[in-house]
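Asks: One structure coming up, written as structure tokens, with questions to follow.
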């Protein structure tokens, strides 16, 4: 089994080659040609291969072990790939430099809608990406239930730059396991709608909730889906109006689109990448060292004991929207080659080896 789950039995090029070899001089009927096009497109979007199930993946991880050695060469190669495909240093967020007045951009999650940068949106962007690059030691914290009773909070807080996903709870009951430090926190517009009623009725609950993130950047995909633009702008104006410590950054749709294409070319086929994979991808392009926590999308832990889906609840995601096992296998591969470190064991039992 490939460690990344990338083996395919069919590809569009391979299928074309077979047709050309079997029928070198035959012209297919119009209906048959159209059917071939449909089949080849389907195979490209949904390649035929069997992904290992949860039990097989967990057993594979247990067999390989989690001991780790940093490989600066592997990390450097992957950082260069990120720079070449997606340019996170310049395109991670919307800025006055990459989104000037009058520029038209397409929503990355929709095919039919574009938007033009006008004065009202341009004024919300920073001049440039507001980080001192490269960032040194970064921690990307997912929300997996494997973090519960992990004791990883102290280790997470030792990072120079901490990224978190989807406005997670950081109250005192969780800090021992997930830490309290944050520098960048993502917020999907769907969360603003579900938890805070799109900020249409009361803003106080939202403002109070945000205080736990201190001086963090709040990273929002305002221009990913058209329905997400208005809630994202409300978040910006709400925090600005009350003089909150947080600063809103809007994801550049060109960056999100490029990250999606990058991982699709490596075998991840889903309606949408998870927020966690977007963040890890950005970190690999922005940071010298990357450690990830809570990236374990399975129902049992490393001892094959049942765990909750998140460290704070057991609410399951919508089925089929993300390809979490495929994403995990890609990240596990990066861990095994030393490009990043994936923390799966309790932190007090951490087994690290020197840099190579």
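Even glycines carry a Cβ here, placed using N, Cα and C.
Pasting the relevant annotations from Swiss-Prot:
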- 143, 166, 274, 275, 276, 296, 310: CMP-N-acetyl-beta-neuraminate binding site (BINDING)
- 138-287: disulfide bond (DISULFID)
- 71: N-linked glycosylation site (CARBOHYD)
- 119: N-linked glycosylation site (CARBOHYD)
- 214: N-linked glycosylation site (CARBOHYD)
- 245: N-linked glycosylation site (CARBOHYD)
- 1-29: topological domain 'Cytoplasmic' (TOPO_DOM)
- 49-356: topological domain 'Lumenal' (TOPO_DOM)
- 30-48: transmembrane segment (TRANSMEM)
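Each of the listed features needs to be described in terms of its position in the shown structure.
Replies: Under DSSP, residue 275 (CMP-N-acetyl-beta-neuraminate binding site) is assigned to a helix (H, G or I) in the three-state scheme. All protein chains included, residue 275 (CMP-N-acetyl-beta-neuraminate binding site) registers 19 other Cβ atoms within 10 Å of its own Cβ.
In the three-state DSSP scheme, residue 138 (disulfide bond) is classed as strand.
Residue 71 (N-linked glycosylation site) falls outside any helix or strand according to DSSP and counts as coil.
Its Cβ taken as reference, residue 119 (N-linked glycosylation site) is surrounded by 8 other Cβ atoms within 10 Å in the chains shown. Residue 119 (N-linked glycosylation site) falls within a helical segment according to DSSP.
Counting Cβ atoms from all protein chains shown, residue 214 (N-linked glycosylation site) has 14 others lying within 10 Å of its own Cβ.
Cβ neighbour count for residue 245 (N-linked glycosylation site): 11 (other Cβ atoms within 10 Å of its Cβ, all protein chains included).
Per-residue pLDDT, averaged along the topological domain 'Cytoplasmic' (1-29), amounts to 38 for this model.
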Asks: Determine, from DSSP, whether residue 143 (CMP-N-acetyl-beta-neuraminate binding site) sits in helix, strand or coil.
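Replies: DSSP call for residue 143 (CMP-N-acetyl-beta-neuraminate binding site): coil, neither helix nor strand.
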Asks: Inside 8 A of the center formed by the CB atoms of 143, 166, 274, 275, 276, 296, 310, which other residues of the chain have their CB, for the recorded CMP-N-acetyl-beta-neuraminate site?
Replies: 142, 144, 165, 294, 295
Asks: If you measure residue 138 (disulfide bond) to residue 166 (CMP-N-acetyl-beta-neuraminate binding site) at Cα, how many Å is it?
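Replies: Pair distance, Cα basis, whole Å: 18 Å.
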Asks: Who sits close to residue 143 (CMP-N-acetyl-beta-neuraminate binding site): which same-chain residues at least 6 apart have their Cβ under 8 Å from its Cβ?
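Replies: Listed in sequence order, they are 165, 166, 168, 294, 310, 311, 312.
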